[in-house]
2 protein chains.
Amino acid sequence: MPFDPSSLRFDTNGLIPAIAQDAETGEVLMMAWMNAQSVARTLETGRVTYWSRSRQSFWVKGESSGHLQHLVEMRVDCDRDCLLVLVRQEGPACHTNRRSCFYTAIRDGAETEIMKPML
Amino acid sequence: MPFDPSSLRFDTNGLIPAIAQDAETGEVLMMAWMNAQSVARTLETGRVTYWSRSRQSFWVKGESSGHLQHLVEMRVDCDRDCLLVLVRQEGPACHTNRRSCFYTAIRDGAETEIMKPML
């Protein structure tokens, strides 16, 4: 069946969560939001393109930092209300310069930093 | 720093997205939502507990199906508005009986099923 981005289930703001996962290592890198057009642009360009809720604009991941996310494969979940994007990530995915945004673990009831910024 | 679930950034409905990942294989299994109390319950009980938006009630994953998610580790992202839960999943995570909810890939512009239901 041909894929139509408008067939996804978007929230009341027209957005769908997209989880970025390193296609090679399986590491979950980040979660951000897409609208129908950023889904289409991601598929067309091969560069993962989110919708920035704070700036209310398209956000080609890495466009300013150089830390591009190259699309390897997009997947849709059973409810069609969440996306998984397998990517090849250049450098850090996180704005803190860490490889992944999920660098804080809860261990024994306390927050523990488990990842250092990349050099 | 001691972890306080109320320190997370919840959306206007008091919810935060939680990505469940197989702690052993790295496979992303599903995404669902938690409120502050389901975060606390997950940490207390070791059984991943979401908030069901459709039923407006706590949802101990697998409580009725037997396909429990045992918490291995909870992680918080840089913006504190998304959780990653590393889990040991019993059986399928998806209500369609598939291991993961992300069984539909977009390949050459078409939807392709890449995973069969478990026996």
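Heads up, the Cβ atoms here are built off N, Cα and C, so glycines get one too.
Per TrEMBL, domain 'Phosphoribosyl-AMP cyclohydrolase' is recorded for B:30-103.
The Mg(2+) binding site annotation in TrEMBL covers B:Asp77, B:Asp79, B:Asp81. Its Cβ placed at the centre, B:Asp79 (Mg(2+) binding site) has 14 other Cβ atoms within 10 Å.
Sequence annotations record features per position, and here TrEMBL assigns Zn(2+) binding site to B:Cys78, B:Cys94, B:Cys101. In this structure, B:Cys101 (Zn(2+) binding site) belongs to neither helix nor strand by DSSP; it is coil.
Over the domain 'Phosphoribosyl-AMP cyclohydrolase' (B:30-103) the predicted model carries a mean pLDDT of 97. Of the listed binding-site residues, namely B:Cys78, B:Cys94, B:Cys101, the sparsest CB environment within 10 A is found at B:Cys78. For the pair formed by B:Asp77 (Mg(2+) binding site) and B:Cys94 (Zn(2+) binding site), distance between Cα atoms is given as 24 Å, rounded to the nearest Å.
Between the binding-site residues B:Asp77, B:Asp81, B:Asp77 has the most other Cβ atoms inside 10 Å of its own Cβ, all protein chains included.
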